[in-house]
Amino acid sequence: MPLGERGGWESSESMYCGVETDFSDDVPSLLSFHISTGGFDYVLAPLMNPSYRPSLVEANGSSDTQALPVSGSDLVLAPSQWSSHVVGKVSSWIDLDSEDEVLRMDSETTLKQEIAWATHLSLQACLLPTPKGTSCANYARCVNQILQGLGNLQLWLRVPLVKSDGDSMDATSEGLNDSWELWNLFRLLCEHDSKLSVALDVMSNLPSETSLGRWMGESVRAAIISTDSFLTNARGYPCLSKRHQKLIAGFFDHAVQVVVSGKPVHNLQKASDSNTEGTQKHPLRSYLDYVAYLFQKMEPLPEQERIELGYRDFLQAPLQPLMDNLEAQTYETFERDSIKYIQYQRAVAKALVDRVPDDKASELTTVLMVVGAGRGPLVRASLQAAEETDRKLKVYAVEKNPNAVVTLHNLVKMEGWEGIVTIISCDMRFWTAPEKADILVSELLGSFGDNELSPECLDGAQRFLKPDGISIPSSYTSFIQPVTASKLYNDVKAHKDLAHFETPYVVKLHSVARLAPSQPVFTFAHPNFSTKANNQRYKKLRFNLPSDAGSALVHGFAGYFDSVLYKDVHLGIEPTTETPNMFSWFPIFFPLRKPVEVHPNSPLEVHFWRCCGSKKVWYEWSVSSPTPSPMHNTNGRSYWVGL
């Protein structure tokens, strides 16, 4: 029974818990015991008798007549049972990088036979054993050959969750100080194949928080928790440490399956005795119950997060608001973001009070222009600010989209704003205003601040602002930070072309590891009456990984913005200062054609350019250290924003 069905969770949010078993040639009984009796959702079971060695069969001369010693015929379960309730486990003895040639050849033959059998059974996934040492080139070569011909079968590489801080006590017997290094080597040798994932063996000792954080951006499919890792609570039942609980909750949030492994180490005889007579409690049931408890006690997702579930790690091309007219559905999504318009209303109210003293409020009328008025939310926010501050207002609503202008006219008529609001159906860059404005209000910001051409639009519109006029927003800054984002990288790579690696994407970041704090990139301030105004920009940034994090693979950069609307009223999505409960903007993601491995003692140096032509604006980016990457998007060959 899925863990989610034990609480008040929706079935789409259910998580599953498996159990690791020994080899059995009676699979129906294995499933009956662990699933029907034990309550687990699936078994992680060996597919081949562990004593099988191809060389011994050949030595006996019976290789042509003897069937493979698999765990029973495919007919013992229905295809749907094989698919839903069994994850295959490749023989743990295989060692494709052994000095012993017989063992090496036996290992390669067995691996291919077992994967072929798993494919025949239509299994969804198969667990590969941990590489025996830090040298795993031949193992990876063989797995990569298999991956090229796989259909739906996913391969999970078993990796111990280990990261020592130079203390050999934390390292494994193979001398492995950081298991991420092993996973990264194997993954790169297998060409970052999307069908290869990782299953982490969670030990009783956990690495540091920052080290664990790296794995949230990797394609982790399963967390295998040994019964040895459980503590004992006051009633004698298994439980996990606070740090383990936090880790498992993080795994649940990233759709990682949990697998319980090992023999029971908690003496719960009394609990078993209290069972109904004639039924035997599964020896690992108390561990499953505890995992289910951890899932159930997680806070349900807030409503907005639930709405955005489908957008998690989903790549979207940024809007082209100057070249394209937005559709009604897009307007509606943005207009639902009440927090954003509350901030705008606060900014306009402060500007009105600064602009008109209380003793002149009844006689002075402030001229306010909303440039890029859309269907009118900023017009409404501005008029509400005027009402709140008891200031007189005259509004020009400038909008280039003729379809939105229809809505604006209807809104003005419906609200009775005819004497206050004048609608201008024109591109703000080409309109000739009949008078100068005191306040210029716009919502032209993109996920990266300037990526929807706010600087160019406002430079064109500021000519109808008084010399002492106010622009809302008054400034905005873009930010970037390096991220591990295995899923995003594979989704871009799936297009098999250069253009997609040179396109920034708007994306609801979820399965990412943020490797260092974000840093500011480009800043624009308005109005900018400088005669040498230039919207081209260049910035070099250096990022340092925390010393206890271990190495990491940078797949690209997450981009954000923060804007000052007016004085102390701000709006933004930069993680440390983001405006709470606002959903108009997802972050932006700049991919790297070739991921860069970064070490804590070696800074990551990255360069970003904002380039301007007569008809378009585009970004170029590159890494120069620790290893140089190619220049991305030269001359805007793959991505640009049209003027």
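Using the three backbone atoms N, Cα and C, a Cβ is placed for every residue, glycine included.
Marked as domain 'PRMT5 TIM barrel' by TrEMBL: 39-297.
The annotation domain 'PRMT5 arginine-N-methyltransferase' is assigned in TrEMBL to 304-472.
TrEMBL lists Tyr331, Lys340, Tyr341, Glu399, Asp427, Met428 with the feature S-adenosyl-L-methionine binding site.
What TrEMBL lists as site 'Critical for specifying symmetric addition of methyl groups' is Phe334. Sequence-distant neighbours of Phe334 (site 'Critical for specifying symmetric addition of methyl groups'): residues of the same chain at least 6 apart with a C-beta under 8 Å from its C-beta are Lys340, Gly374, Pro377, Glu443, Ser584.
The active site, proton donor/acceptor annotation in TrEMBL covers Glu443 (among others).
Taken from TrEMBL, the feature active site, proton donor/acceptor covers Glu452 (among others). Using a 10 Å Cβ-Cβ cutoff, Glu452 (active site, proton donor/acceptor) registers 22 neighbours.
In the predicted model, the domain 'PRMT5 oligomerisation' (475-641) shows an average pLDDT of 95. The domain 'PRMT5 oligomerisation' annotation in TrEMBL covers 475-641.
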Message = Fewest other C-beta atoms within 10 angstroms of its own C-beta: which of the recorded positions Tyr331, Lys340, Met428, Glu443 fits that?
response = Tyr331
Query = Does Asp427 (S-adenosyl-L-methionine binding site) have same-chain partners at least 6 apart in sequence with Cβ under 8 Å from its own Cβ, and which are they?
reply = Lys400
Query = In Å, rounded, how far does the Cα of Glu452 (active site, proton donor/acceptor) sit from the Cα of Met428 (S-adenosyl-L-methionine binding site)?
reply = 15
Ask   = Hey, what's the Cβ neighbour count for Glu399 (S-adenosyl-L-methionine binding site) at 10 Å?
value = 25
